[in-house]
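Student: Below is one structure. I have some questions about it.
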Amino acid sequence: MDWSNDKRHIVSSSQDGKVIVWDGFTTNKEHAITMPTTWVMACAYAPSNNMIACGGLDNKCTVFPLSFDEDIMGRKRPVATHTSYMSCCTFLRSDNLVLTGSGDSTCAIWDVESGQMIQSFHGHVGDVFSLDVPKADTSNIFISGGADKHVLVWDIRTGHCVQSFEGHEADVNTVRFHPSGDAFASGSDDATCRLFDLRADRQVSLYTKESIIFPVNGVDFSAS
């Protein structure tokens, strides 16, 4: 799921093959989109709040403009095609670029208008499960986590991996930048969360509890 920048609307995806846009204040459904796949694995709101991106087992990322006056399905725009399932996606600084991660072990940046790949990122040796970009518009990096138990830091301009972080003992399911952009948290099938510092190039905290034995599928930082 993903929150819109207006802090009111939510987009969610599910194994029922649907993507739903919700009003977080009223809990009403504003849009319900049936996708051509039984499992929609990822969804994201555009910075303008006027469109969403989603995809999953269809190996594609599709963008839908949100409008009550027009047929959403008639205006859908296929943007990205991977050679395996699309596991995660997010808009990159504007409505014009989408960043995706896939079971084909790659991440890629796509032009929404043309559907052309702008940059691909190769370095994981297993499925990519998660990615995140810093909140700062001037940042030129993003992070990705995957089945190889690593979190990689990528330079958007060159396509190269510039840092690699290890420590998890199983798949890295989720990653999230700290609001400062200087650190990130990760969650894994090993039932732990970890905090890594980009400047120190190392893990700084481990969060675990003996009674928690299930995978961690989501992490985030509080606004404070």
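Just so you know, glycine gets a Cβ as well, placed from its N, Cα and C.
Annotations in TrEMBL come from automatic prediction, not curation.
As the structure is a computational prediction, the values presented were derived from the model and not from experiment.
Take a look at what TrEMBL says about it:
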- 1-23: repeat 'WD' (REPEAT)
- 79-120: repeat 'WD' (REPEAT)
- 121-164: repeat 'WD' (REPEAT)
- 165-206: repeat 'WD' (REPEAT)
Student: Counting only residues 6+ away from its ends, which parts of the chain sit with a Cβ under 8 Å from the repeat 'WD' (1-23)?
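Tutor: Long-range Cβ neighbours of the repeat 'WD' (1-23): 29-35, 37-45, 47-49, 52, 54, 56, 64, 66, 90.
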Student: Determine the mean pLDDT over the repeat 'WD' (165-206), rounding to the nearest whole number.
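Tutor: A mean pLDDT of 98 is what the model gives the repeat 'WD' (165-206).
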Student: Give the residue counts of the repeat 'WD' (1-23) per reduced DSSP state, in the order helix, strand, coil.
Tutor: 0 helix, 13 strand, 10 coil
Student: Summarise the repeat 'WD' (79-120) as counts of helix, strand and coil residues per DSSP.
Tutor: 0 helix, 25 strand, 17 coil
Student: Per DSSP, what is the residue count of the repeat 'WD' (121-164) in each of helix, strand and coil?
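Tutor: Across the repeat 'WD' (121-164), DSSP assigns the residues as follows: 0 helix, 22 strand, 22 coil.
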